[in-house]
Amino acid sequence: MVTGRSAQLCLALLFMSLDVILTATEKSVLTLDPPWIRIFTGEKVTLSCYGNNHLQMNSTTKWIHNGTVSEVNSSHLVIVSATVQDSGKYICQKQGLFKSKPVYLNVTQDWLLLQTSADMVLVHGSFDIRCHGWKNWNVRKVIYYRNDHAFNYSYESPVSIREATLNDSGTYHCKGYLRQVKYESDKFRIAVVKAYKCKYYWLQLIFPLLVAILFAVDTGLLLSTEEQFKSVLEIQKTGKYKKVETELLT
């Protein structure tokens, strides 16, 4: 029979197991500061890796660049003066969490660059674009194009696309003047996609949940059996003492 103490311990173990499972199903989050995934050589960018709470912020971080694990294990990876070799796929992973979604950084050399905060956005999401001049020179009379059609004449930068729709997908570029000379950036594709919903998402949680329940129940039963065994020993010991006392009296 499971005692009250064993039942409480069983529940405590179950909640602890569930907490571990829920934590392990969360992904690390990788961000850029400034937020642009396209930058010029010589520019600075800081990559930061976050967990789901402030305690994980100080935990060990694994950084992976183009499949190679970095020696850096802090929450921030700072690229002081970017080179073309810094281009590529970045992934981070906080201790106890899944790996982050990959971020693709493109480091290039040109006079004018169409910068963007993302190359893929979910419907109803948002992203920013900016027409960026070499060595941070001021860009004047900026025109933004999507699929070769002008859609924004902006003297303010950046331009924010909010509540993105599928119609916002396309190839973007910009034109503008640098020191009285007109330049055109290269083209870059930004995709707006629908969120993918897996019909069997619950299967990702039910198996570890069952394992946690079985672990907690087995532990509770083990402790309950141990307590019952101790009780039997006490009863046997008490019975022996009574038998000895009876023999001494007779």
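Residue 1 is the first one shown; counting continues down the chain.
Placed from the backbone N, Cα and C atoms, the Cβ positions cover glycine too.
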Among Cys10, Cys92, cysteine joined to Cys49 by disulfide in Swiss-Prot: Cys92
Counts of helix, strand and coil residues, the domain 'Ig-like 1' (28-104), according to DSSP: 7 helix, 35 strand, 35 coil
Rounded inter-Cα distance in Å - Asn106 (N-linked glycosylation site), Asn66 (N-linked glycosylation site): 12
Whole-number Å value for how far Asn152 (N-linked glycosylation site) lies from Cys174 (disulfide bond) (Cα to Cα): 10
